[in-house]
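Colleague: Among the features that TrEMBL reports, domain 'Major facilitator superfamily (MFS) profile' is placed at 1-162. Here TrEMBL flags 12-30, 37-57, 69-92, 104-128, 140-158 as transmembrane segment.
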Amino acid sequence: MAKVQDPFAMTNVLSMAGLIAIIINAFIVVRYGRRRIMLLNGLIISGCFQLIIAVVYDKNPGEIITGKVLVALSCLYMISYNGMIAPYSWMVAGEIPSQRLRSYTFGVAAAAGFLGAWLITFTAPYFINPSSLNWGPRYGYIWFPSCIICAVWVYFFLPEVKGRTLEEIDAMFNEKLPARKFQAYKIPLPVLEGAAGKLSTEVKVLETEKV
């Protein structure tokens, strides 16, 4: 909210937009899945909003209409990020890892996410503040390519697991399917039974290790 007349009020507006997006997301996640929303509606839209914010400010800094456009686009960005990226990241981290390594995988992923958030929070003021680099909303020039890179990664490596059981997910990983083919794949019964047996064995091993 650098260079906004009332940063506190605008921060509240953005927080409310993000909260509304999270509530709406609870009703659409079971219908549209994870991969499609993160890829198209989440990462790409977030990146485009960041680019537009940077370009608008770069061309017409200091004007009233520019400030209104920046606030409106920032609200849309918060809706796309809070409603289409942030909650899905936690969901995917809990669904995709194998049963045996789920706790470790989730822990490492969460730690990496918090480390990245700290790094961004620590460095952002140096880019935005007038006493430092004084980029202001031009900071979006960094996030647009970052979002595009993440979108490419999601396309090639994040499978769609909506409506799948843990046994089905394990079976598809064992078949070494490309991520983009998970959604339409029909699992043969022998393969599914084998995955179920393997998962049951892993659960028994975990219970033994706990004892």
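Cβ coordinates come from backbone N, Cα and C, glycine included.
Caution: TrEMBL annotation is automatic and unverified by curators.
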Colleague: What average pLDDT is reported by the model for the domain 'Major facilitator superfamily (MFS) profile' (1-162)?
Modeller: 82
Colleague: Which stretch from 12-30, 37-57, 69-92, 104-128 shares the most C-beta pairs under 8 Å with the transmembrane segment (140-158)?
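Modeller: The stretch with the most contacts is 37-57.
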